[in-house]
Amino acid sequence: MAQINPLPVPLGPWKITVYDQENFQGKRMEFTSSCANIMECGFDNIRSLKVECGAWIGYEHTSFCGQQFVLERGEYPRWDAWSGSNAYHIERLMSFRPICSANHIESKLVIFEKENFVGPQWELCDDYPSLQAMGWGNNEVGSMKVQCGAWVCYQYPGYRGYQYILESDHHGGEYKHWREWGSHAQTFQIQSIRRIQQ
């Protein structure tokens, strides 16, 4: 009997509930799509949230700018729950959007030592809490190609420091310069990387 290939898992649905007070108190609002400015919804800031479905990117500023935070399924009772081991004290979350490409079963990322996809390269298909411990000879990455899925890259080993979310459906999956990693990108120092799964 012939084996039928399963259809790809449909993208979405996504659902996130945000609160204007810590510990899921105060005003609340549910979203199933992007929000470029939480102030337009009557909030001055998001102080806690629950991700009920899908993976999301939260941003420090409106219009999807500033420090990025990956928001995966679960509860975030305070700002430090989403910034976690981030080396920077950021209590602000003003915009967010779903990560559409996080739904891929197989994730693949190629990192390059230099900008514009030049120099030694390394193909990743798994999580790496320390690139150097796994054989990458540098603490910097010049450019990256996301061939499938979505990834979060961290400035320091152990998934700490600035977070950069890279997606196969943004920039055509090609990030030829570290400044393309996000509006907050200040360095091409990347020392840990992991896949974003739904």
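Cβ atoms are placed via backbone N, Cα and C, with glycine included.
Copied from Swiss-Prot, the annotated features are:
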type	residues	note
REGION	1-13	region 'N-terminal arm'
DOMAIN	14-53	domain 'Beta/gamma crystallin 'Greek key' 1'
DOMAIN	54-100	domain 'Beta/gamma crystallin 'Greek key' 2'
REGION	101-106	region 'Connecting peptide'
DOMAIN	107-148	domain 'Beta/gamma crystallin 'Greek key' 3'
DOMAIN	149-197	domain 'Beta/gamma crystallin 'Greek key' 4'
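Away from its own ends, the domain 'Beta/gamma crystallin 'Greek key' 3' (107-148) comes close to residues 101, 157-159, 166-168, 173-178, 187-197 of its chain (Cβ-Cβ under 8 Å, at least six residues beyond either end). Per DSSP, the secondary structure of the domain 'Beta/gamma crystallin 'Greek key' 3' (107-148) breaks down as 3 helix, 22 strand, 17 coil.
Per DSSP, the secondary structure of the domain 'Beta/gamma crystallin 'Greek key' 2' (54-100) breaks down as 6 helix, 20 strand, 21 coil.
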